[in-house]
Structure formats: C-alpha cells, structure tokens
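Here Swiss-Prot flags 1-32 as signal peptide. Annotation comment: Swiss-Prot describes 67-109, 249-538, 372-388, 428-435, 520-539, 524-542, 545-557, 560-573 as disulfide bond, evidence class similarity to another entry. Taken from Swiss-Prot, the feature N-linked glycosylation site applies to 98, 301, 454, 484, 569, supported by sequence analysis. Annotated L-glutamate binding site per Swiss-Prot: 159, 180, 181, 182, 230, 312, 405, in sequence order. The annotation transmembrane segment is assigned in Swiss-Prot to 587-607, 625-645, 654-671, 700-720, 752-772, 787-807, 827-847. Swiss-Prot lists 608-624, 672-699, 773-786, 848-912 with the feature topological domain 'Cytoplasmic'.
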C-alpha cells in the first residue's frame, strides 16, 4: 500500500474525506476518547485481525428517529451467529492457528443512510491523523484509543445497505461478504468489485419465481417492491426473466416509498384491485413493508383474494405474518437453501445476561423476548409487565426458532476465515501468528483468496463464489399453510438450476388443492384463435374460426383444403362427404317409374308393330321412320338409368352419347315426316310433279343425316374434352360447413348440357315450325295433326324444364332437382310422342281390327287438284275453315288404264 503521506493516496480518498467532514459530528467514535470507554453503538471484540459486521439489530425509525424497534430474529439471531462463528474459528486449532479474529459489529437500523454513517467506523483507522502533536491543557499527551484496523466486513443484510456500504469499502479495498443481500446490481463486478455474497443473486431467485409462476399456470401477475436496490432490482429481474421465458405478463408494478405516507398501503391495495384478474402478487420487499401490505389487504376485506409470492426477504419468517395468518394463507415464498445449525441452537439457548455481556443489545433483546423489565424504575404503575429475574431461559420461557439466514452468516464468517487462512499459509509459511507481509492485510490480495475459497459450510453445503462474487442458486420453496387452526411454512419444492415443485403438497384458501387462477384471459375453446391485446401478450380476445376455417395453432385460423371441411371442434379438417343420386333415393322414384313404364310401353308398341307389320295402319304410318322414332323414344327412356347410375368413365361417356342422341333421333324422324308432308303440299300448289326425296329410302337417308350431325358433335367433344367423372365440392359448398357435400358427377357443365341438348332443341323447334305450317292439310292425312300436337306439348314441357333446371342452380338439392327434372322432361317428351303418335294406332290394331283395312286411295293428282282448288274456292266457302279440301274432291282413281296413261304417285292417306 502506498504511504499515507503520498499525494495520490489522499487524492483517491478525497471524496471520502469530504464525506467525513459532513458526517463528522455523528461519528460513532471520536478522537481523544479515553481508553476503555464502552462503545454503546457497536460491539467491539479485540483480536489479531478485526472483521466488521453490519446487522439490522433495529428496524427503521419513524418521525426523524434513526432506529426503531428491536429485530429479534433478523437482528439478534444473525448477530449472535457471527459471534458464534468467531468463537468456533478462534477455538479451531486447524483454522488460523495462533491468530485470533476480533470484530467490530454495528447496527444498520435497516436504513442505508444510517448504515453509511456507521460504516465510516471501518475506515476510520485508515484516515485518522497522527495525534502525537496534540497536548492537553495540562501540557501532557492525550489518551487516545486507536481504532482497530478492519480487514473485511460481514454484511450487510439489505441490498440497498450493502450497495451504500460497498461504495465506501471499495475505495479502501476492504472486502465485503454479505449473508443476505441478493440484488442483481451487486453482481456488477466493475462497480462492486470488493463485494461477495454467500447467497445467490436475485437473478436466480427471479428465475425460480418465474418458473413457479409458470408451473402454477399463472400468466397475469402484479409486482410490489420496496423502494431501494433490493426491491426494485428484484422486480426488474423478475420482469426481465418473465419476458425472456415468455408467458407471464405484469398487470401492475407498484413501488413502496422509503418513507410511506399515511394511507399509502391502502392505495397500493386499491391499485392492485384495478386488475382483479391478477390475483398473484410478487413481493420483493422488506418484512416491515410486507406486513403493512398484508394489513392493508385485510382492511380492504380482501382476505383470500390475493395469492402472495414472496422473495427471500419473506422466506419462512414469522414476523411478517404474525396475527395476519388468514391474509397470508397460501403465500408461496422462496429462501436460499438452508439447514438449521444445531450447534447454534444450543449456543443461543444458553445465552444469558451473565454470559453474553459482549452483546450490548442482548439486554434489550432479553426484555423484549420475555416481556419483562430489567430496571425496577422502568416499571410503570398499573402495568402488567413484570421485572426480569435473570432466571428466564430462551426456548423454555419463550418461543424460539432459528432465523433463516443464520447459516449464511456463519458461512460468510467462515469464508473470510478460510481466505485469511490460505493467505497466511502462502504469505507467512511456517510462521506463528501474523507476519509483516500480513500486517496490515492487503485487501486486494485478500479478495483473491476469498473468491477462491471452496469448503463445506456449517450445514454441509459447498461454499464457493463465481467471478462476480455470487454464490450458486439453490432455493427451498415454501407455502404458508393453515391446518386445524395452526399455521406453518411447509416445504413444497426446491430450485437448483431448474424447478422441482410438488403441487400436490400445496393448499389454497377456499379451494383446497385446486390451483387458483391468476390469468388475464380465459383459455380459448377449441376452434377459437387468440387475438392478443397490443403490448400485453397474456391478454387476448377469443375469435372463433368461421366458415371452412380450422384452428392451426393458438393464433391462426386457416381454411381447409377445397375437398375438406372443419371438424366439429374446428381443430382439424375432415373429408367432405361425397354424394350422388342413389337408386333408392326418393328423387329417383318418379324418373325410374316413368322410364320403366315408358320402356315397357315402347317395347309393347314395337312388338305390336312388328306383329302387325303388314297391316294397313302400320304401313300407312311409314314403317321405316316409325321404327326409327320408336328407337329414339326407347333411348330417351333408357337415358334415365344412365343419369342415375354412379358416374364413372363409362357412364359419363354413355351420358354424352345418349342424352341428346335419343331426342335427336326422335325429332329427326318427326322433322323428316313433317318436312315430307310440307313439301308434298307445297309442291302440289306449284305443279303436278312429285317432290324429290319422299321415298322411304330418302326419308331414312335424311333422318340419319340429321342424326349424324349430333354424333359428329359428340365425337368432336370427346376429342376436345375427354369424358371423366369429377367430385364437385363447390356445387354444394354451403355457408355452414356441416352441410357441405361433394357431388360426384360427370364433367358436364350447364353450358355443355345446353350445347348437348341444343341440337335436339333445334330439331324440335324446326319440327314445330313445320307442324304449324302443315296444320291445314286435309283430315285424311291424319299424321300431321298428331305430330303438331306432339310438338306443341313437347315445347311446353321443355319451356317448363328451363326455369326449373337453371333456377335451382344455387339450391342445396341441385343435384337431385336437376337430375330429376332433366330425366322427367326427357321421359315426358318421349311419352308425348309415344302416346299421341302410336297409342291410337295400337288401340285400333288391338281393339278395332275392323278399321285396320285399306280405304279409298287417292292419287297425287287428286292431292294436287285439292291443293289447287283450295286456293280457288277459298272465298266460296266450299272448303273448311282450316283450308282442308272436302273429302268429296278426293276420289280414289284406281282405274288401271288411267294409271298407265298418266304419271301418278299412288299412296294412301295414312302414308303421308
């Protein structure tokens, strides 16, 4: 160490000198004090090496007072733990042999500013001026009590106190080991390089508390912190860890002032109630503030509403919850892993006023512990306080339970002792007592030895420090439980790098073992996505997945693939049911009935015509075209079975071919017939020569030519768009996915269907036009009128079909309605043709065979004459109103001679 007279040494300590000039009047000891004068504000134990001690013997004072009430456990127990450790080390022949450890122990009064004043005692020996030139009034030298040289400090308790003291001690390179300060700020080795601690940093504690919160499935909590380094840093570390791990949000973050005003704690409770869902409250506060928070909660009638989680400052202490058991019930607290030191229990229980005079506060403790007074003058008249007898015994006449930090106080003293022992072994090998290299002790060297210690603590736990002077994180987790009117802290788990929590051991007020809730929003139901509140990821609104959406994850709804629909709870997708028109469907009953009856009737007509093929009626109907027409009618009925059959490649191909082909065959045959009649009568108006292409062979050629156009179009369609079946999921994609269906059908769109039937419709319309034009032929040419009625009726059927078919395109039963409408319309069209053109003939053939005989024949000349005279005598009224020639004009000219002289075409009236 540089000489004290050096300029650099004084310059480095200039700030402290200024500080001392401010606090000089309040210095705990002053120069010139007579030797042996008792230090009433500190404990002084002589030794070869002196250790400082800082303990909160008293609480924080009020109304301008520095100190308040005595703290029995947190103050006296811890102080006695240091004395106990010093006794053990001094009596240990293997640890610091022939070297006695002394102590200078001060009371911090739980206040950082007061602790700063007291700690100046530790550096007093380093900055005192030499008093040899000072002379008393009598001329003699003054009697000076030289202050001891403190080489290391044990303490302090509160983090804010340790921070304040550490800022001074580092200037004089005095190592400091705390037994209770856990603020994360103290891990900053650049600012607090001479600070170490045998308790873990609140960084570990905060991580442990976050893990507990997550294990209890709480995601919305409030925090309460005492103003100062411990509380604020602890809460800050908790918030930081909760953000890093995610899943925990802070509802309120409340700070308790150092000097709270009246009603401050009631205000804190009201603020916590603003977010009533955040029932879990994380507390980083000193025990006085903890107690006042609990009292305020009781005043607000909120017993059982809040679930407290206290840091190690709460731990397993009785003082914060005394007479507040119901409010504190269920509180989860955390405490660095510790064990009760049995030797200390025996030591402390044996302390009396006689054998513990070195503890200047023990008498005050005695009075407080046994509720008595040592001085008779202190007794007030009428008071129930008795006089102390000095026969009281701790643990017998008063309750006793070892304070939680006793183990760490002892470990801190032993850490200093082991470091000094290692330092003495290296610097003074083989020397008994201190050697010049350790007189004085170099604080920088001592710090290195402190950071390198590794020994088993008083409870068997390893004591080590990391590069920042922190101890490893090891915690016990407690819950304050009320059982059968008795309260106790029960161990429910531990934390060493990761959490071990036995939830089954926990007990909650009002709900037993059921975990209480402290959440911002209730969990969303299956099929609902979370829409988080901005800046508060633990709060959300639940929005249901709608339509065809399903829940992908907690935050996303996604539309199912086109061929699927969401499950009932919308957590996935399932295939959309595929439907088709079944044979047993009610929609198929009528089409199948009409088709079966129609096919039977058609076959009956065909059989009848074949059997009576050579009779006049069959001949007169034009046998060739009649059979072609019957084939078309049969195909129209047969198409129903193709439309109801399950769609596949074969079925769809046959549908394309026969759906329009049957109608094309029917209307092509009818068109050929009406065209023949029309041409015959039109030709007869102009000349007596027969029109061309009226022979049966010509009629068949014309019919098949018309049919071939339909077949050609179908072939082109097959080439351009090969036939196949599809499942149409859009056809019945209802708003409610529960009713969605996929329709198995042939790949024939409505437009394709129009094109497919369009040619047949064109033939039908053309045939209808010719039927209108031939409505005036004579009654004897009796096929013209039935064909006309057939076409009129058919047009009506198809005019009704169009709005029904296309008007139901958006219906849920589109498949059934359109298929039924189409098949019924085709069957009705076939039935009209079959009924009007063939049933009368079959009736005559079967029931009136007497009419199935040849009638008078007419020549083409008679027809031409009738057609010519119809124009001539229209005004004379010799013709019927519809222009038909009177039957008297239609003589049957059968004379053979006449037939050989003139060119006539002979035919019967039914052959037209």
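Cβ coordinates are placed from backbone N, Cα and C, and glycine is handled just like the others.
Structure with Swiss-Prot features highlighted.
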| residue | record | DSSP class |
| --- | --- | --- |
| 159 | L-glutamate binding site | helix |
| 181 | L-glutamate binding site | coil |
| 405 | L-glutamate binding site | coil |
| 428 | disulfide bond | coil |
| 484 | N-linked glycosylation site | coil |
| 524 | disulfide bond | coil |
| 538 | disulfide bond | strand |
| 545 | disulfide bond | coil |
| 569 | N-linked glycosylation site | coil |
### Query
Residues sitting near the transmembrane segment (700-720): Cβ under 8 Å, six or more positions beyond its termini, same chain?
624-625, 628, 653, 656-657, 660-661, 664-665, 668-669, 671-672, 675, 693, 752, 755-756, 759-760, 763
### Query
Considering only the disulfide-bonded residues 67, 428, 539, which residue has the minimal Cα-Cα separation from residue 180 (L-glutamate binding site)?
67
### Query
Once 159, 180, 181, 182, 230, 312, 405 are set aside, which residues in the chain still have Cβ within 8 Å of the Cβ centroid of the L-glutamate site?
157, 158, 162, 178, 183, 197, 199, 202, 313
### Task
Within 10 Å of the Cβ of residue 560 (disulfide bond), how many other Cβ atoms can you find? Include all protein chains, please.
22
#### Entry: Candidates 98, 159, 372, 539 (recorded positions) - the one closest to residue 484 (N-linked glycosylation site) by CA
372
### Query
Under DSSP, is residue 560 (disulfide bond) helix, strand or coil?
coil
#### Entry: Dominant neighbour of the transmembrane segment (587-607) in 654-671, 752-772, 787-807, 827-847, by Cβ pairs under 8 Å
827-847
### Task
Just jot down the residues in the same chain as residue 428 (disulfide bond), at least 6 apart in sequence, with C-beta under 8 A of its C-beta; none if empty.
434, 435, 437, 438
### Task
Inside 10 Å of the Cβ of residue 538 (disulfide bond), count up the other Cβ atoms and send me the figure.
22
### Message
Averaging the per-residue pLDDT over the topological domain 'Cytoplasmic' (608-624), what integer do you get?
### Response
85
## Note on the structure
Here the stretch out of 654-671, 752-772, 827-847 with the most C-beta pairs under 8 Å to the transmembrane segment (787-807) is 752-772
### Inter-residue C-alpha distance, residue 542 (disulfide bond) and residue 181 (L-glutamate binding site) (nearest angstrom)
44
### Query
In this structure, which of the disulfide-bonded residues 520, 542, 573 has the fewest other Cβ atoms within 10 Å of its Cβ?
542
### Query
Secondary structure at residue 435 (disulfide bond) (DSSP, helix/strand/coil)?
coil
### Message
Just to confirm: which same-chain residues, 6+ apart in sequence, have a Cβ under 8 Å from the Cβ of residue 545 (disulfide bond)?
### Response
527, 528, 529, 551, 557, 566, 570
### Query
Do you know offhand how many angstrom separate residue 230 (L-glutamate binding site) and residue 569 (N-linked glycosylation site) by C-alpha?
49
### Candidate nearest residue 524 (disulfide bond) in space, where candidates are the recorded positions 181, 301, 405 and distance is Cα-Cα
301
